[in-house]
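Please read the structure below before turning to the comments.
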């Protein structure tokens, strides 16, 4: 068993290394001058520079992309919370004979190929004169956030002990204040995870943003992908810096999301 | 909890109405556009009914895209599940609780990255001259050049490896959590019967987790449909049409090469019908 364990541990360590090294390498490259990147033998020792990062931050297109991403994703997530959480609570606590169908409908929205949604939406927004606006992007993203938040929040509300809510009813709380004062706070941790997940999903979204924007409403992923289309003439360090900037916001949620994952599986155990 | 209250109605009706409008309008409109002959360059159009669909069946590039998409699904789903189960079981067997927590955090990182970022990270890494992933090959062969993204035989696998990097590692965490929820008694019993470690997993734990593992595979099949970002950044469907999946081809027909919006929409509608039927059937199976 001994050598087996050793091999197992080595494989795991290698996988852990593979998980983060490419990203760390990108972050390192964002601090390099071009001469230190374009080398046949990778260079670990180099004189670091902040030129790439300051170039990225100083570019208007990047800042506008960042602004668009923050607004579009923020508002869409907010809409998802306002519409998705109550609906999820209602499905979880007041099940009717359509509850299964509603859940399936919400999930089935995820089957829709993004191109199949993006092409007609582009035509529709063009006709309404809303093409290439943040409003169009927000409405489109809301479909994503509402359905994902609903899908993840239903089990979160179901996990709230029924007795707690029953007791509140006995104390004379109405249905709405039970939702507001009991269910929401008790399920808050799982719900935060669900909301964070929906944010990461729309932040990372690419195809719909690409098809629904041409200049004004470009989100950060689109701006980043365009930097590279100028070919390899753009210094790699700058491209790497833009990748780092794009990747930071979702990584901020790493703690919340791994906690969410843990709580989901702790529920299953009991 | 059967209390009389207006809550269920006020909470769910507006949300469902909005979801229905937001999803049905584009879907139905996609079908309408597919029956027309719209182009990006002009506003005039007329109904051509099924001729777009008819043309698709004789479009060799479309048939190639179908085949590439099927390959992509099979390769990414199978590799993701293999990596997830392999690493999940390994963590369960050899890692201490503290190490498990560290690995879990590390393994979640790739999936959180925007696909565009992941694609760039690996596009650089696969660069034949300066890439970090091709460096070992250059080192071992004394400077020979290996360019995985520009060879038709390897391009699809090179892009798929990024998808597996993101999802396989993430699913390994879930497999570990699933293993941790299992009751210890059957594992103990098998151990007392002198079963080997791999036998315990092959015949006891993994069969016990059959249902959640199948659900996991189902999720991956759905997520694998979203290959566009990776392929768009890494290969643009190339070399030639080696990595041109359906959404990539639909996009380039509709927006890059010819602006045939209706033709692209016809493709998208076929995709939509195929995925909705397949996944609805699979879902009913999984639930049953």
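Glycine too: its Cβ is placed from the backbone N, Cα and C atoms.
The transmembrane segment annotation in TrEMBL covers A:6-28 (among others).
Same-chain residues lying 6+ beyond the ends of the transmembrane segment (A:64-92) with a Cβ under 8 Å from its Cβ atoms: 99, 102-103, 134, 137-138, 141-142, 144-151, 153-158, 179, 183-184, 191, 195, 198-199, 202-203, 209, 213, 217-224, 245. Under the heading transmembrane segment, TrEMBL lists A:64-92 (among others).
According to TrEMBL, the domain 'ABC transmembrane type-1' annotation covers A:66-257.
Within its own chain, the transmembrane segment (A:104-128) is flanked in space by residues 136, 140, 143-144, 147-148, 150-151, 207-208, 211-212, which lie at least six positions past its ends and keep a Cβ under 8 Å from the stretch. TrEMBL lists A:104-128 (among others) with the feature transmembrane segment.
According to TrEMBL, the transmembrane segment annotation covers A:134-154 (among others).
Summarising the annotation, TrEMBL assigns transmembrane segment to A:191-214 (among others).
Below 8 angstroms of C-beta separation, residues 23, 26-27, 29-34, 37-38, 49, 51-53, 55-57, 62, 66, 189-190, 192-194, 196-197, 199-200, 203-204, 220-221, 223-224, 227-228 of the same chain, each at least six residues beyond the ends of the transmembrane segment (A:234-261), sit close to that stretch. The transmembrane segment feature in TrEMBL is assigned to A:234-261 (among others).
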The answer for the transmembrane segment (A:191-214), taking Cβ pairs under 8 Å and residues 6+ beyond its ends, is 68-69, 72-73, 76-77, 80-81, 85, 114-115, 117-119, 121-122, 125, 131-132, 136-137, 140-141, 144-145, 148-149, 152-153, 156, 184, 221-222, 225, 249-250, 253, 256-257, 259-261, 263-264
